[in-house]
Structure formats: C-alpha cells, structure tokens
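Asker: In case it's useful when we look at the structure, here is the feature table from Swiss-Prot:
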- 1-21: transmembrane segment (TRANSMEM)
- 41-61: transmembrane segment (TRANSMEM)
- 87-107: transmembrane segment (TRANSMEM)
- 115-135: transmembrane segment (TRANSMEM)
- 147-167: transmembrane segment (TRANSMEM)
- 186-206: transmembrane segment (TRANSMEM)
- 226-246: transmembrane segment (TRANSMEM)
- 260-280: transmembrane segment (TRANSMEM)
Amino acid sequence: MTILQAIVLAIVEGLTEFLPVSSTGHMIIAEGIMGVESTSFVRAFTVMIQFGAILSVLVLYRKRFFCFPVAPRALGQGKGKEFMSRFDLYWKLLIALVPAVILGFLFEDWVDRMLGSVWVVAVVLFLGGIFMLFVDKLFASSDRGEITYPKAFVIGLFQCLAIFLPGLSRSMATIVGGQQQKLSRKAAAEFSFFLAVPTMLGATLLKAYKLYKEGGIEIFREHMTVLLVGNIVAFIVALAAIKFFIGFLTRYGFKAFGYYRILVGGLLIVLMLSGVSLAV
C-alpha cells in the first residue's frame, strides 16, 4: 500500500465512520477503484485507522468524557450514589457495550464470514437505505434527550445488528436505536459517537493483536509510516465529518442518507454484476 492510497482510505474512513452510510461499503469501492489488493495488512489497516477517528470524538467531546461532576440529584445521597453519578456516562457505555462483546465473542467466526461477503455488504447497504427513507416517520424525534440505563442497553442491542449485518452501519444502527427509545436526533447521534469509542477501540486492538500474531513486530515497523499517516488523516477528516453530521441530522433528518445508501449499494451491485473484482 502506498502513502497516497493510505491517505485516500483514511479520508474515506474519516468521512463515513460516524455517518449512517457504511464505512465498509465505501472502503470496498475505494480499494476497488485504486486497485488495492485485499491483503491481511490492508484489512487490518482499514480497522486500525479507526483509532484516529476515535480520537476525534474524544477531542470534540472532551468535556463530556473527562469531566466528572456529581449530578445535582445525587448530592447528599451518599458517597456511593455520588460516585456512580460522576461516571454515569461510562456506566451507560459499559452497559451498551455488553451485548456486542458477548455476541461478537460467541459468533466471531460467523461474523468474519459475513464480513467477507461483498454481496452481503452491498445488499444490506441498499436495503438499509430504503429503510432510512422512513426512519423519521417511524421514530419521531423527541426532546427527551436523557439516556437511562435501560435505553443504553437497548441501543447496545441495536449495535449488534451492525455486527451481524455488515453494510448496515454501526452508526445507523445505534442512532436508529436511540430514536426508537425516544431520544432526540442529536442525543441519539452523540451517544452513538460515544459508544463508538470503546467499540472501535476494542476492534482496533483485536485486529492489531491478530496482525502481530501473524507477522510479529516487524510488520508494524515495516508499515509504521502508512499507519501513522492514515490515523492522522482519519482524525482530521472525522473532526469535520462529526461537526457536519450533527448539524445536518438535526436540521434535515435521515432521508438524504437513505438515498445516498441506495446509490452506493446499487453501485456495488452493478459493479459485481459487471464482473468487477471487489473484496472486503
């Protein structure tokens, strides 16, 4: 993989990771256009540059992640409740993460096989686009933006759909899950960003470990520049993408993303029917 190819893939990652449009589908198209061979390192690279995207969330929402005020309702209720309230966001993220950890571990081999099918990605991308045309009507936005522990768990269950249906988009699944729980578009999107941090960090570390087992430390030394550049570019682009997405989603809803998904999914299907070789 060249530096230029790494930069292009990182731009695609940064633009699509937090939008409900399937970063996997876009990576397939980008790799196909550039003629990037789907080696074990390339597959690892597309996961490991998620670390840059994770950092963009931590930077943009640093006050939410790294400030630990006691909730007013917990003041004077004892040290236990005050402690729990300080880390309320972390407890909710932990609860939301549990379903994906359990199901991902139990069905890891099956998930890997599904993820390796470009047809599955393309069809799910296309059908998910049709569904998104109706999301705003199915789950009317609410001003009740508070996320409770049960709501966090349900959103975590929705995240599992993206694990078993590559091409669905983790962002789409969790945001729709939040709206189904009567959260506002903004609250649902922001919790989706927050949940991406432990989810994607876990996936990145797991992929790095597997790559290490396969090629040892030398494979990281050999591709250090590509990995570093990829993460920096993904970080910068994701910063802009998140800011754009929050404003656009709050104002216009999901329909535009639905049409876009249909277009991209349809393009993948046409390319494969035309005999173009594509790989995840």
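Here, residue 1 is simply the first one shown, and the rest follow in order.
Glycine too: its Cβ is placed from the backbone N, Cα and C atoms.
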Asker: Using a Cβ distance cut-off of under 8 Å, indicate which of 1-21, 41-61, 87-107, 115-135, 186-206 has the most pairs with the transmembrane segment (147-167).
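Answerer: Most contacts with the transmembrane segment (147-167): 87-107.
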Asker: What same-chain residues lie close to the transmembrane segment (226-246): Cβ under 8 Å, and 6 or more beyond its ends?
Answerer: 1, 3, 6-7, 9-11, 13-19, 45, 48-53, 55-57, 59-60, 186, 189-190, 193, 220
Asker: Determine which recorded stretch among 1-21, 41-61, 115-135 has the most C-beta pairs below 8 angstroms with the transmembrane segment (186-206).
Answerer: 41-61
Asker: Go through the chain and flag residues at least 6 beyond the ends of the transmembrane segment (41-61) whose CB is under 8 A from any CB in it; none is fine as an answer.
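Answerer: Same-chain contacts beyond the flanks: 1, 6, 9-10, 13-14, 17-18, 27, 31, 190, 193-194, 196-197, 200-201, 203-204, 207-208, 210-211, 215, 219, 223, 226-227, 230-236, 238-239, 242-243, 280.
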